[in-house]
Amino acid sequence: MPEKNIATWNAMVTGSIQFECNEDGLSFFREMHQSCFMPDEFALASVLRGCAGLRALYAGRQVHGYVMKCGFEFNLVVCSSLAHMYMRTKSLDEGEKVIKAMPILTVVAWNTLIAGKAQNGYSEGVLQLYKMMKMSGSRPDKITFVSVISSCSEIAILGQGQQIHAEALKSGACSDVAVSSSLIGMYSKCGCLEASLKVFSEHENGDDVLWSSMIAAYAFHGQGEEAIHLFEEMQGRGLEANEVTFLSLLYACSHCGLRKKGMELFEMMEKQCGLKPSVQHYTCMVDLLGRSGCLSEAEDMIRSMRVKPDAAIWKTLLSACKINKEADMAQRIAEEVLRLQPQDSSSYVLLANAHASAGRWKDVSEVWKAMRDKNVKKEPGVSWLEIKNQVHQFCMSDKYHPEYEKIESYLKELIAEIKKKKGYVPDTASVLHDMGVEEKEYNLTHHSEKLAVAFALMHTPPGMPIRIMKNLRICGDCHAAFRCISEVRNSEIVVRDGSRFHHFRNGKCSCGDYW
């Protein structure tokens with residue numbers, strides 16, 4: 001163009017960033033400034049979105065200074081984008097200051113603040129802000145509900161999630177596919193697969209995101225056949241599967257022992273759908289092979305794959321070594337993990353597990369010594385559950401709980417009952433310390449998830465499902481005990497551990513003990 005004006009410069013800045021060419025957008029903005037053109041509020045908002053997309057905090061702060069020089073510091077559009085930039089670059093305090101300085105807190109401003117908290121893992125703070133937003137008179141919209149429902153998913157609080165679902169229904173937001181996808185995820189992560197399916201069935205014309213969400217829900221709950229069936233129906237409707245869909249399918253196959261189907265889907269992903277597998281897809285395949293006992297094949301896959309292996313994929317193989325009691329291979333694979341994450345406590349624990357399963361207590365002691373020498377702390381197991389909208393948390397041998405003595409007494413009777421009626425025998429091999437049998441049994445009895453189940457049975461009506469969440473993987477002994485308890489107490493026990501969901505009913509688990 002022989003002459004450029006403010007409109008053409010603004011068009012290039014906003015257009016570039018709209019199509020996620022963030023670096024080009026910032027470059028155009030720099031040239032615009034050098035040509036002495038003053039951007040309008042929409043160009044400034046776009047530039048800030050570009051900084052957010054690049055996670056460029058330093059550049060964002062420079063633009064913030066420019067905003068103040070131009071007199072836009074109280075403009076609602078610019079301030080919302082400025083706060084969004086700070087939130088996306090993990091500068092939550094600066095983002096909150098911008099929003100609190102705004103003359104009016106609009107729905108957009110509230111959404112920016114709530115989404116920022118949600119994206120940075122402050123789930124409880126999100127729920128508090130949601131209450132404040134309603135008290136201020138602002139009406140939540142579909143964007144608000146997506147963030148708030150996702151936060152309920154993260155901390156698995158079903159009661160509050162159901163209340164927010166009701167509010168979303170009243171506002172009409174549930175007609176939005178993004179809100180429904182969030183609800184499917186929330187109910188799934190709270191252990192209510194039936195509720196997820198109900199939400200899904202209410203959308204006859206859902207998009208690929210909605211279908212992928214339901215496939216992920218089935219996968220997370222160990223319903224591999226159902227996930228595959230839904231995928232085939234999705235294909236029949238002409239909906240395109242994306243990388244997330246295949247990740248859920250491969251995850252489902254790995255947790256249900258569907259090795260042949262998993263291999264087919266992995267091949268289909270690239271050859272038929274043109275999607276390149278990421279390290280996460282390869283991790284699912286390594287898990288699938290490892291659970292099938294094909295450890296050498298799994299290691300070959302890691303060493304020959306086209307993407308750089310991360311610590312997670314090596315850790316997956318290390319876990320398979322523990323399951324298959326391959327202590328020597330575990331030692332070698334642990335070195336690969338610790339080379340990438342030298343302070344990762346779970347890798348040491350997995351290695352100690354592998355040695356313990358082989359009865360190599362000297363090697364177990366050496367692992368604990370290495371942890372002490374490197375000041376690596378083992379992550380404590382924590383279990384929690386929600387009763388009457390109140391969250392109760394338990395740690396191993398949690399003597400600080402106000403009802404600890406009652407819980408311990410009840411648990412002692414319960415363990416004695418399942419020993420007598422179901423022939424339960426504590427799996428002392430799960431204890432990673434060389435100690436006496438009685439000490440090992442005491443240790444196993446006081447795992448956080450057993451304390452949580454005992455507390456739930458004491459405080460819930462007979463026949464009501466019990467839902468327990470745990471940060472780490474459930475141990476083999478607790479898994480066996482819960483199968484017995486579910487039959488003796490005629491209760492459904494749902495446990496979400498660090499890997500998946502387990503539904504215990506009538507002495508059986510949904511995972512088919514393929515956990």
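The backbone N, Cα and C atoms fix where each Cβ goes, and this holds for glycine too.
Here is what TrEMBL says about this protein:
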DOMAIN    423-515  domain 'DYW'
REPEAT    5-39  repeat 'PPR'
REPEAT    106-140  repeat 'PPR'
REPEAT    207-241  repeat 'PPR'
REPEAT    344-378  repeat 'PPR'
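Broken down with DSSP, the repeat 'PPR' (344-378) shows 26 helix, 0 strand, 9 coil. Within its own chain, the repeat 'PPR' (106-140) is flanked in space by residues 76, 79-80, 83-84, 86-88, 90, 92, 95-96, 99, 147-148, 150-152, 154-155, 160, 164, 167, 171, 173, which lie at least six positions past its ends and keep a Cβ under 8 Å from the stretch. The average pLDDT computed for the repeat 'PPR' (344-378) is 86. Residues in the repeat 'PPR' (106-140) partition by DSSP class (helix H, G, I; strand E, B; coil) as 26 helix, 0 strand, 9 coil. Applying DSSP to the repeat 'PPR' (207-241) sorts its residues as follows: 26 helix, 0 strand, 9 coil.
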